[in-house]
Amino acid sequence: MAVSRRSLELPPADPDRARLHQLGYKQELRRGLSVLSNFALSFSIISVMMGVTITFNTGLRYGGPVSMTLGWFAVTLFNGCVALSMAEICSAYPTSGGLYYWSAKLAGKDWAPLASWVTGWFNIVGQWAATTSIDFSLAQLVQVIVLLGTGGQNGGGYMASKYVVLAIYGAILVVHGLINSLPIQYMAWFGQLGAFWNAAGILVLVILIPAVAKERASARFIFTHFNVDDATGIQDKAYILAVGLLMSQYSVIGYDASAHMTEETKNADWSGPMGIITSVALSSVFGWIYLVALTSIMTEDIRSLLDPGNDAGGYAVAQALYTAFHRRFGTGFGGLVCLGIVAIATFLCGCACITSNSRMGYAFSRDRAMPFSRFWYRVNKQEVPFNVVWLSVAVAFVMALTSLGSQVAFQAMVSIATVGQYIAYALPIVFRVTTARRSFVPGPFHLGKYGLLVGWVAVTWVALVTVLFSLPVAYPVAEDNFNYTAALVGGVLLLSVGAWVLHARFWFQGPITNVDL
């Protein structure tokens, strides 16, 4: 680890400042978040109401109800191992750099720079892709609400062009950038609002949806019905189930935000791990309940719900909600209100994503890993990393331009957001259970003798889903159904390692301390 020449104050008396000083950094961001605020931010980013809604089509097409309701349990179990391992490491190293800093500390002196470099780039690219997929999905949801509100696709409703959807997306990003330019106390409020809205919104919807529906699916349908979509050309049930797990895996992601916010959190070495664990645990519970409620109104033929020619343009959740309210009240307005609840949750989720992106970018620039790091590594008078907030907005917009050329290529953003981030989650855990298995010094939160076992389960799971989500999603493979996930993941790996070999290895030494130790 390199040490800069700047000499700063002696270790401060405040425990959080003192611990950060021991890790090699001075306190530059305002430490104003409580454990509740830290949890709220991750819970808001995970936003299972958003995740389940926007990927429901995937689960419905690949396996149907059984792949979603029962597959959720398998994903929850293994994701829990990932979260526990991350929480243990976060407790030992509570810094905004999070994952890439952990890799540097755990990989050993010889491998620390490369491990830190690759982990950091997978993390930040995965975060940018997550912001892109979330905010673009919000723009698409707004378009569907407008479509149904003006009569539906078969009733003369307004179907926005891809350029209009992109413009809506750009406006959403700008609003998120403006909000994230505010002082941290406002972001804490938005995070808590997001957590409240997700919890309260799910409770309202799981009561309202079954109560309104005149027809409800049986428990047997919800928990055992297996759907095979002939259009995909895949008949092997195990294969279909594996692809269908993407919905559950994508729906619980983004909880590294608790780690990235630790330099702004009080009692960070305990609050950060608690933020990770509680956000994943509660999201898993609320997500399954919401998933079951949605599946209970999927009484129409699954093929018709996914049909691009229906009133909602093939948006299954929107079509089912609109139909349920229309059958009960003669109008689908209530369904639009339900979609509005999801849209607000998605908006708050996207806002929290920019917050997490900017803190990761700030830390990565502080360690000079990004081009023009001196420019991005600046905070304004409100102690907000203003420049990197708008970098996150700009990159997310550029990523969405792929939607103009190929919707299939853009859909890979969901996969790279999932796979890319989980690879970044797994890398420090790999080093924790290998190179640092004996040298790791735990923080206040630790797994004791079970740390290695839980870590190996987490690493194995991430390796498995990386392969599964890179498999073809339809046969025969063609341009309009090609799964770009493997290409994108391979691209990030190739570019990061290539940049390392050709350039970065000559100057990047891993996290750079800015205090004298």
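Every residue, even glycine, has its Cβ placed from backbone N, Cα and C.
What TrEMBL records for 35-58, 70-90, 164-189, 195-213, 276-298, 333-356, 384-402, 408-431, 452-475, 481-502 is transmembrane segment.
Beyond the transmembrane segment (35-58), the same-chain residues lying 6 or more positions past its ends with a Cβ under 8 Å from any Cβ of the stretch are 68, 133-134, 137, 140-141, 187-188, 190-199, 201-202, 205, 243-244, 246-247, 250-255, 257-258, 261-262, 265-267, 270-272, 274-276, 278-280, 282-284, 286-287, 290-291, 294, 306, 314-317, 341-342, 345-346, 348-349, 351-353, 355-356, 414.
Counting Cβ pairs under 8 Å that are 6 or more residues apart, the transmembrane segment (452-475) and the transmembrane segment (70-90) reach 3 or more and are in contact. With pairs at least 6 apart in sequence, the transmembrane segment (333-356) and the transmembrane segment (164-189) have 3 or more Cβ pairs within the 8 Å limit; the two touch. Counting Cβ pairs closer than 8 Å and at least 6 residues apart in sequence, the transmembrane segment (195-213) and the transmembrane segment (333-356) reach three or more and so form a contact. Tallying C-beta pairs under 8 angstroms between the transmembrane segment (70-90) and each of 276-298, 333-356, 408-431 places 276-298 first. Sequence-distant neighbours of the transmembrane segment (333-356) (same chain, 6+ residues past either end, Cβ-Cβ under 8 Å): 41, 44-47, 49-50, 53-54, 127, 130-131, 134-135, 137-138, 141-142, 144-145, 148-149, 172, 176-177, 179-180, 187, 190-191, 193-194, 197-198, 201, 204-205, 208-209, 212, 254, 256-257, 260-261, 317-318, 321-326, 389, 392-393, 396.
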